[in-house]
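First comes the structure, then the notes that go with it.
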Amino acid sequence: MSKLILIRHGQSVWNKKNVFTGWVDVPLSREGVDEALKAGEQIAGIEFDVIFTSVQIRAIETAMIAMAANNSQKTPVVIHTEGKMAEWTTIYNDAMSRNVIPVYRDWHLNERYYGELQGKNKAETAEVYGEEQVHIWRRSYDVAPPAGECLKDTAERTIPFFTETILPQLQAGKNVLVSAHGNSLRSIVMHIDGLSEEEVLKLEIPTGVPLYFEYKDGVVKRAM
Ligand SMILES: O=C(O)[C@@H](CO)OP(=O)(O)O
């Protein structure tokens, strides 16, 4: 049985300001750093073999900060794969490999692209377009915000990445940490939990809270 932990990054400076973020690369807020550390303490006993993050700094920071609290005391090292999962162990000698956890960054795990809403305050946007329209843009499955991705579009990049790149690691018996974003993780959780388009409307993923899954008998399911 292998373990899969999904974690949404800690609070970012734009989460704090209530601004649509999407692909804008903003860092964690002070509270976000604390959340990442607390999450790391909660998963401190899990020996991770591999970490996947988006290419966005808030997700990378969260994984790195969380690993600072890990009992393994291994150093997470970003691996540059040029698009493929390289035989990373060839880069490091045996002694180093034992103390290192490879971190793969990939844009397929990036937050949903929010188009014209990026940089706009969420409350002000709701005043202009109405609460209901903004809620549909934020949480529906197939209604895209202006010039942005809907969750279905996001799933078209996250799910192939999950099945082709992350799942084989679980199948190989590796414990995997994925640090990503509210909506990129909503699409993955929708897939794993088998949620309907209606059910996903209500799915909220809080910042800095580890979600526990396990791979057993050929399937990924919730561990608690
Ligand atoms: O701004 C964003 O990119 C996301 C995540 O913070 O917002 P929302 O929760 O509205 O989808």
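Note that Cβ sites are derived from N, Cα and C of the backbone, with glycine treated the same way.
Note that this is a predicted model, so its numbers are computed, not measured.
If you look up TrEMBL, you'll see His9 marked as active site, tele-phosphohistidine intermediate. The active site, proton donor/acceptor feature in TrEMBL is assigned to Glu111. Annotation comment: TrEMBL describes 8-15, 21-22, Arg58, 111-114, Lys122, 138-139, 182-183 as substrate binding site. TrEMBL lists His181 with the feature site 'Transition state stabilizer'.
Within the set of recorded positions Arg8, His9, Gln11, Gly22, Glu111, Gly182, Gly22, Glu111, Gly182 have a CB atom less than 6 Å from some atom of ligand 1. By the criterion of other Cβ atoms within 10 Å of the residue's own Cβ, the least surrounded of the recorded positions Glu111, Arg112, Gly182 is Gly182.
Long-range Cβ neighbours of Trp14 (substrate binding site) (same chain, at least 6 residues apart, Cβ-Cβ under 8 Å): Phe20, Thr21, Val24, Val26. Among the recorded positions listed here, namely His9, Glu111, His181, Glu111 has its C-alpha nearest to that of Gly22 (substrate binding site). Of all the recorded positions given, namely His9, His181, the one with the smallest number of surrounding CB atoms inside 10 A is His181. Fewest Cβ neighbours within 10 Å among the binding-site residues Arg8, Lys122: this applies to Lys122. According to DSSP, the residue listed as 'active site, proton donor/acceptor' is assigned to coil rather than to any helix or strand.
Comparing Lys122 (substrate binding site) with the residue listed as 'active site, proton donor/acceptor', their Cα atoms are 16 Å apart once rounded.
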